[in-house]
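Engineer: Sharing the record's features from Swiss-Prot:
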type	residues	note
SIGNAL	1-23	signal peptide
BINDING	CYS134, GLU170, HIS397	Mn(2+) 1 binding site
BINDING	CYS134, HIS136, HIS194	Mn(2+) 2 binding site
MOTIF	437-440	motif 'Prevents secretion from ER'
Amino acid sequence: MSFFKWVSFVLILHLLNPTLISCSSNGLSQIPSKFLTLAKRNDFFDWMVGIRRRIHENPELGYEEVETSKLVRAELEKMGVSYKYPVAVTGVVGYVGTGHAPFVALRADMDALAMQEMVEWEHKSKVPGKMHACGHDAHTTMLLGAAKLLKEHEEELQGTVVLVFQPAEEGGGGAKKIVEAGVLENVSAIFGLHVTNQLALGQVSSREGPMLAGSGFFKAKISGKGGHAALPQHTIDPILAASNVIVSLQHLVSREADPLDSQVVTVAKFEGGGAFNVIPDSVTIGGTFRAFSTKSFMQLKKRIEQVITRQASVNMCNATVDFIEEEKPFFPPTVNDKALHQFFKNVSGDMLGIENYVEMQPLMGSEDFSFYQQAIPGHFSFVGMQNKARSPMASPHSPYFEVNEELLPYGASLHASMATRYLLELKASTLNKSNKKDEL
């Protein structure tokens, strides 16, 4: 009898005989370390590194992940894992296990960013102006690694693991399209993770409740009357109006928001004019806004539009505001389920030691994983990859961003462990409730 089969067998026996609790608990606690050992095998590690580098060399933007999804499908086929494609344009959804309920989902995003890689190495991006600068190449690789681990122990799975290879996380709201496609129907829970160089290799971080902010984008066109820069009295200067708008927008957080309710409004784009001596007819500004509650988020949205249009009017200009929701949908706050967070701490603690769990503070960054959490219970976490030999490592969305490939076994085994343990514990809980009803 294999180790994983033994754990399942003992867990079910425990439900019939409570005296076996310590035995079943010990068996469950060994699953994560067993998976980590398997994922660290030289052949397994080298396979993951090869996949990650192939993806990194050929980055694709949101909803354009044609070759990436082709690679994912090819690897799933080699494993004998069934899948659906296309889902949400370029997404792939795989299935490992019994094919029946209960269902638990694991998610990885596949898209890259529109930036030129500046890191000089053998597997640098081959596509000009595109780069995996947020670790999504590693995320996809680790989920494929988890799929391989789970497939090797498919007979022991007490249900079905849904493998979500998602397109377009970077502003495209791919998760929303995955939900709309019905992928999460009958799924009990979903888990996602993200690489970070703010934690040491072998550490993980998360928190219960609000974790990442809700986010939205805006752009505004401010129109005046152009003319010669030497004769400003004959113009209506949109650059000056836009400058006043930007300053006024900063007051929304500093003077209108509760200091204990974290919010951000940032103007990150300003375009206007083409000559040193000509005042343009119009300028365009754009930016992002963030908040941890839906109420605060919608209030910011309302006030951003009011401030832009009214401040422009003060300067005798007209303004139109576009929140570009079709192109970049609003992301809700990422809020971790309480029970799933405790489950994550238990599993990661069994794998890495509870001392390697780091309680994180809320971040103003955003994640479209939140769309899943609006539909079903979900949990999001960070996996460390800090490389002390190459410290400091560049932050995500930097052209100098790098992934420490030593983290790949940790992410793959953590994914596989959470799915396996979740299904085992869910079955145990269901049987336990059934036994209690029979006793009544």
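Glycine residues also receive a Cβ, built from the backbone N, Cα and C atoms like all the rest.
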Engineer: Between GLU170 (Mn(2+) 1 binding site) and HIS194 (Mn(2+) 2 binding site), what C-alpha distance do you get in Å?
Structural biologist: 13
Engineer: Radius 10 Å, atoms counted are CB only; among the binding-site residues HIS194, HIS397, which position scores highest?
Structural biologist: HIS194
Engineer: Return the residues near CYS134 (Mn(2+) 1 binding site) by Cβ distance under 8 Å, restricted to its own chain and a separation of at least 6 in sequence.
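Structural biologist: The list for CYS134 (Mn(2+) 1 binding site) reads ALA112, LEU113, GLU170, PRO396, HIS397, PHE401, given in order along the sequence.
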Engineer: Quick one: give me the count of other CB atoms within 10 A of the CB of GLU170 (Mn(2+) 1 binding site).
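Structural biologist: Its Cβ has 20 other Cβ atoms within 10 Å.
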Engineer: For the recorded Mn(2+) 1 site, whose residues are CYS134, GLU170, HIS397, find every other residue on that chain with a C-beta no more than 8 angstroms from the centre of their C-beta atoms, and list them by sequence position.
Structural biologist: ALA112, LEU113, ALA133, HIS136, PRO396
Engineer: At a 10 Å cut-off from the C-beta of HIS136 (Mn(2+) 2 binding site), count the other C-beta atoms across all protein chains.
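Structural biologist: The answer is 28.
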Engineer: By the DSSP assignment reduced to helix, strand and coil, which category contains HIS136 (Mn(2+) 2 binding site)?
Structural biologist: helix
Engineer: Mean pLDDT for the motif 'Prevents secretion from ER' (437-440), as a whole number?
Structural biologist: 56
Engineer: Please report the DSSP secondary structure of HIS194 (Mn(2+) 2 binding site), reduced to three states.
Structural biologist: strand
